[in-house]
Amino acid sequence: MDKIIGTPHRKRHFQNCGNKDGCIRSRNAGSSSEGTEDSDFSAEHTDSSESDVHTVRNTRLTRSSLRLSRNSQDIKQSADHDESPPRTPTGNAPSSESDIDMSSPNVSHDESLAKELSLKESGLAHRPKRRRFHESYNFNMKCPTPGCNSLGHLTGKHERHFSISGCPLYHNLSADECKVKASSRDKHVEDRMLSQRQDENRHSARQQAQTERQLRYKEKVTEMRRKRNSVPLKEQKDKYTEHKQTHCSSHEPLLENITSDYDLELFRKAQACASDDLEKLRLQGQVTEGSNMIKTIVFGRYELDTWYHSPYPEEYARLGRLYMCEFCLKYMKSQTILRRHMAKCVWKHPPGDEVYRKGAISVFEVDGKKNKIYCQNLCLLAKLFLDHKTLYYDVEPFLFYVMTEADNTGCHLVGYFSKEKNSFLNYNVSCILTMPQYMRQGYGKMLIDFSYLLSKVEEKVGSPERPLSDLGLISYRSYWKEVLLRYLHNFQGKEISIKEISQETAVNPVDIVSTLQSLQMLKYWKGKHLILKRQDLIDDWKTKEAKRGSNKTIDPSALKWSPPKGT
């Protein structure tokens, strides 16, 4: 209880500040904007009521007031040593509601309020000290669980959380329950370490029988698992159903009686450990906050930096690094999960039909309708390196042609392109990508050449779907330049038409004209358009072609493919 000393019109309020020494802090409500603190008012006031105050002190001196007067010097010393307000567990300064106010003994309550209002209007009112938050927290973030205030943590070791993995409310717990469970886990770890130190005195432990403690613990676990009621009661079923209907996917399902209490506690411990690991990664900056941007992916023996945002599920997009199987393209959260997946993954090449093989290079035709999950994962992967890609999940109307390079471990993804099964505008490519580790090695032109090879088999003129990305436009213009120079080098006639070039190469006439203009090989003279055969460009192309060799070219004879009939 606060102790009130003085007459009804002259009140002095005291309140415990909550520090270890139990000292009393006070603040003049009418202090200036500099925020100075005072504990001795008799030396500062010279009002006419000063003698009355001393009289009241002498007549109504109690044991508590004696203690207050004795500690007045401690107040000044503690204020000198620590001018900042006490910190809360989250590292915050106390709020204005917890600040201690004390009115002047010479001014009435109404007068002090009037003085405060006048100071506020004049801009001289006392400004509370700015709150200081912990540097590792971004307070613009909040937990995505509906109704959660971001306080507490599943591990019981942190004061706030910003993800579902650390949300007590999502796991049907409170912050206090998480702290209790954390203390019990710590005690269990200490007991286990103590018992392990006792067992270290035994020699060749692997060849000896189990100790009595281990046998008792094994019997205890067996008994706990035997007591579980495998058939849930009707009330429990109703409770599970009601919880699922109320919270849907915003809360974790009720896990009681699904397994034994011992196994459930093991699962809770694993959840807490995983949440603690994620919190450490967040504090180290390896987990992004708010941006939902995957910075790197582990793909086979490569670690790739991403370029753009990809709409992966929120629980994966929140991670700074994603782990992928390079054969089935399944994405995972950790290296451990990836290692376990690779141990049992039976895929060594993309699904679908192998329509081309020459040397180590193969191309597989994958139907988006038959292999929907693989194609969706492929599109999500491609969006990490493409800016204009909009196709992610609606993959059924498309065919995917995946190029791989084979070795003794399997067929590794080099790149791919997709095309519509029925394109009204004769687009032979909807999206094309070469993986970053295979860029600038000729694989992009091989993919483009293969797409035009399919158009030749279909007896159509093809063109890529617009808009093209920056790298895509550079690759296509380089490819169209080589096609035109090769055609002009082999052409022996005197008259040539763009229509003939288009039918021979399966390149759209619009793309041919734009390429000739960029090469300054298209001129208008005496009412006619003329194509100039620039020998210098052809010679440069022949030199580069000789250096490159024939390793990174598509051989039409190696294609085993016929146009698909219908969808």
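Note: Cβ is positioned from N, Cα and C throughout, glycine not excepted.
Curation plays no part in TrEMBL annotations; they are all automatic predictions.
If you look up TrEMBL, you'll see 1-113, 184-248, 544-567 marked as region 'Disordered'. TrEMBL lists 42-55, 184-203, 213-224, 234-248 with the feature compositional bias 'Basic and acidic residues'. Residues annotated as compositional bias 'Low complexity' in TrEMBL: 58-72. Here TrEMBL flags 89-107 as compositional bias 'Polar residues'. Per TrEMBL, the feature domain 'MYST-type HAT' maps to 289-563. Look at TrEMBL and you will find Glu465 tagged as active site, proton donor/acceptor.
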Spatial neighbours of the compositional bias 'Basic and acidic residues' (213-224) far in sequence, C-beta under 8 Å, 6+ residues away: 195, 260-262
Number of Cβ atoms other than its own within 10 Å, given for the residue listed as 'active site, proton donor/acceptor': 17
Secondary structure tally of the compositional bias 'Basic and acidic residues' (234-248) (DSSP, helix then strand then coil): 14 helix, 0 strand, 1 coil
Counts by DSSP class (helix H/G/I, strand E/B, coil) across the compositional bias 'Basic and acidic residues' (213-224): 12 helix, 0 strand, 0 coil
Helix, strand and coil residues within the region 'Disordered' (544-567) as assigned by DSSP: 8 helix, 1 strand, 15 coil
Across the domain 'MYST-type HAT' (289-563), average pLDDT on the 0 to 100 scale: 90
